[in-house]
Amino acid sequence: MTSSVIHQAVIDAYRVLDTGEPLDRETALRLAALPGDAVLDLASLAHKVRLRYAGEAASLHACSIMNAKSGECGENCRFCAQSRHNSASIDVYDLAGEDAVLRQAEEAVDSGIPHFGIVTSGYGYLKITPEFNRILGMIDMLHRELPGLNVCASLGVLGEETSAALAAHGIAHYNINIQVAPSRYSDLIADTHTVVERIATVRLLRKHRIPVCCGGILGVGESMTERLEMIFALSELDVSVIPLNVLVPIDGTPLEGHRTADIADIVKTFAICRLVHPRTIIKFAAGRETVMKDFQGLLMLSGANGFLTGGYLTTRGREIDADRELGRQLESFTEG
């Protein structure tokens, strides 16, 4: 390799492939500034790192979620259709019943999806409430009816007793995102709560040995440097899965009509995230179909090794069968 063929920053980053040690901040900043014609070299490196350090080469982490409680959220997240501060047109309903949850979980199992998440709108549960107890009952029911299914949850901010309860009921993963660089959370995401509360929840979950799924959203007005701040902040939180969403601007939210993120910058972000987190599951969530479109397969070759399938909270996703076929096609890029 010579710098006339491959950008020097990419060459320097090859030490991650050689050693398995996470990328340093200085090199990450240089990679963030790469010109477009060097992005595929970076993507290739990230894919090699993923194959060497992030589990079985052909294994993709696939999960499905259920919006078990929708709308009427008192938080003012700027991207979210479920906030009552926004005027998006969505279905609004209270916590679903066990039968509805079981039906949707069975669909995931029948489709070969091993991870199923119960998601609720709202700030969260600092204490055990009757509604939280109903969720615990759902978790127990899924373990009983669908043994082998990894039951996950995303219920917002937690307290000590609710974190401990989820651990006692065998939750497989818990999702709570820091969304953006912590320094920009209040102006880019929300100011009715703080990112500190979310980080505290991650630490409580880790205290109780619950694997954490924690990532962010790209394209809400952050710079590449601020994306790096988020990526390195995740390094300090010992998370097991990093979901990266790409903003899908929703009518009736403050980000309605917002310009979509640049495709090459998204690829760079995923690739750098892989180099900073060589052994972590990096999951591509929202934005695959609507923003990345024809390029979503490229992201799966740029360090990602997981995806959310079957639909999101308030927007449609890809059919599970289509994602299964995508995974099969990607296997040819894992053969060495």
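Cβ from N, Cα, C; glycine included.
Annotation for Cys77 ([4Fe-4S] cluster binding site): spatial neighbours Ser83, Ile189, Ala190, criterion Cβ-Cβ under 8 Å with sequence separation of six or more. According to its DSSP assignment, Cys77 ([4Fe-4S] cluster binding site) is coil. Taken from Swiss-Prot, the feature [4Fe-4S] cluster binding site applies to Cys73, Cys77, Cys80.
The feature [2Fe-2S] cluster binding site is assigned by Swiss-Prot to Cys152, Cys213, Lys283, with sequence analysis given as support. Less than 8 angstroms from the CB of Cys213 ([2Fe-2S] cluster binding site) sit Cys152, Ser154, His173, Tyr174, Asn175, Ile176, Val239, Ser240, Val241, Ile242, Pro243, Lys283, each of them six or more residues away in the same chain.
Look at Swiss-Prot and you will find 55-288 tagged as domain 'Radical SAM core', backed by sequence analysis.
Shown in sequence order, Cys73, Asn86, Ile250, Thr253 are the residues of the chain, 6+ apart in sequence, with a C-beta less than 8 angstroms from the C-beta of Cys80 ([4Fe-4S] cluster binding site). Every protein chain considered, the tally of other Cβ atoms within 10 Å of the Cβ of Cys73 ([4Fe-4S] cluster binding site) stands at 22. If you draw a 10 Å sphere around the CB of Lys283 ([2Fe-2S] cluster binding site), it holds 23 other CB atoms from the protein chains shown.
Mean pLDDT across the domain 'Radical SAM core' (55-288) comes to 95 in this model. Residue density at Cys152 ([2Fe-2S] cluster binding site): 23 other Cβ atoms are found within 10 A of its Cβ, drawing on all protein chains shown.
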